[in-house]
Amino acid sequence: MGNWVENEGLSIFVVLVWLGLNVFLFWWYYLVYDVPPKFFYTRVLLGRALALARAPAACLNFNCMLILLPVCRNLLSFLRGSSACCSTRIRRQLDRNLTFHKMVAWMIALHTAIHTIAHLFNVEWSVQARVEEKGTLAAVLSGLGDKPKESYVNFFRQTIANPVGGLYVAFTYLAGITGVVITLALILIITSSTKTIRRSYFEVFWYTHHLFVIFFIGLVIHGAGRIVRGQTAESLAEHNPEICYKNFSHWGKTEACPIPQFSGNPPMTWKWVVGPMFLYLCERLVRFWRSQQKVVITKVVIHPFKTIELQMMKKGFKMEVGQYVFVQCPAVSRLEWHPFTLTSAPEEDYFSIHVRIVGDWTEGLFNACGCDKQEFQEAWKLPKIAVDGPFGTASEDVFSYETVMLVGAGIGVTPFASVLKSVWYKYCHDATNLKLKKIYFYWLCRDTHAFEWFADLLQSLEAQMQERNNADFLSYNIYLTGWDETQATHFVVHHEEEKDVITGLKQKTLYGRPNWENEFKTIAEKHPGSRIGVFLCGPEGLADTLSKQSISNSEADPRGVHFIFNKENF
């Protein structure tokens, strides 16, 4: 149970608190508009749709307050690096920032749908009340405001029947126009944020996501028209709606029931979102300032598997293992920024990224760096690069454990390149203060080309550990997942040779996928009573598997073995 709490519990606690606040706000504001006499006459016109529109509006304010915070990367990196206010468990929750961002976005979509549907009924009934035959309470209420010294409760002042009246509200009233605009913006943002669009058409995702600026502007001014109106406190003192509604034909003729007076609700959304909007503005200013600092590309290396390595230098740049940066190349696009994990070690005098060529932007970067040409490219011809970062990730905590499992899939091995390089440098100098005593490294790739650019580093580490009589420090397993037994038969013949025929390493390449249950059980037996960090940079399916194995193979006894699962998330 203890490890379940460490792997999932705090995250579930955060989610439950967030959901609880949403439920509380919905119920509270539903009662605010459905019970008090202030909105008695408004409910006569609109019924329960009034409360059903206002309750999700409160939840929208709350979630729109939260939506920007998980993408304030500099703020999160500051909190993550501050040991005074950020424990290991809290840092692990900060690493789930994008997961929380997506959850909040879906909650915004849900409440937007409820709010919109409820207001469609409100508009229809408000328009209908204006053209309704006289003699009813709804007609009398809708007629208030037509005469001097009267204030209206029905915001629709024209006498146009539906459906034209409803369209008139949607496209001439401030609340209607902004409502249509922010709803369309939200639909485009969410539909372009699906995994398929992000991976195959990143530019579409990138550009449509910036509609959030229009969304927030529309959100802030949406309530400025004050179309939701309630009876004033002064009027309530003179006119009790629960008594006077029965004698609506005598309003203003008797002292007990004067004509009721109404006022609109002041806009409240800005009070919820002004703080996060200011923080996000500061975030963007910091990003802009850092992006203007000069970056020099010192070397471009073409690796197999459609991968290039950019080695760069920037004044004052400091990094930790496993961190990532955002990169912009104006020669390709002046607006697009793409995240890449740093593959260099903090001990090196440069920082590097590995870029796999999989889309239009990476193809453009490939060509801009002259990688499509056969001749040598002069340094002065290399494109200008802007870099924002570095930003913290879960991999920073690798050196906080004595034993770790590092799992990379394909190009997902990049954060662990930084970790393994840093380990190599530490062993070259002095490893006596290194808390980390054992690394289990797993690399899963579909074909052989992916191994080639990373094999040199593993060979260096292999040799370094043997020189220092510590060959057991690093245990690595390389899996070729895209081959079946028939394709692997030729290489199995060479299994007895000293070095692997594919990677050149002493550790032989394995075919198929790991049996994770066996791997976890074996490691648990070798390290009883340990806290073992499990770090993954790979697909969601593999993340689910490793998370479940981390929980199921941890002991209930606090003194037993515990696997702590961490996933790269940017």
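If you go along the chain as it appears here, the first residue is 1 and each next one adds 1.
Cβ coordinates are placed from backbone N, Cα and C, and glycine is handled just like the others.
What TrEMBL records for 12-31 (among others) is transmembrane segment.
Remote same-chain residues near the transmembrane segment (99-121) are listed as 14-15, 18, 22, 46-47, 49-50, 52-53, 55-57, 59-60, 63-64, 66-67, 70-71, 166, 179, 183, 186, 189-190, 193, 569 (criterion: CB distance under 8 Å, separation of at least six residues from the stretch ends). Among the features that TrEMBL reports, transmembrane segment is placed at 99-121 (among others).
The feature transmembrane segment is assigned by TrEMBL to 167-192 (among others).
Within the chain, the transmembrane segment (204-225) has long-range Cβ neighbours (under 8 A, six or more residues past its boundaries) at 60, 64, 155, 173-175, 178-179, 181-182, 185-186, 188-189, 192-193, 197-198, 264-270, 273, 277, 335-337. Feature annotation from TrEMBL assigns transmembrane segment to 204-225 (among others).
Annotation source TrEMBL lists domain 'FAD-binding FR-type' at 287-397.
With DSSP states grouped into helix (H, G, I), strand (E, B) and coil, the domain 'FAD-binding FR-type' (287-397) comes out at 21 helix, 39 strand, 51 coil. Within the model, the domain 'FAD-binding FR-type' (287-397) carries an average pLDDT of 83.
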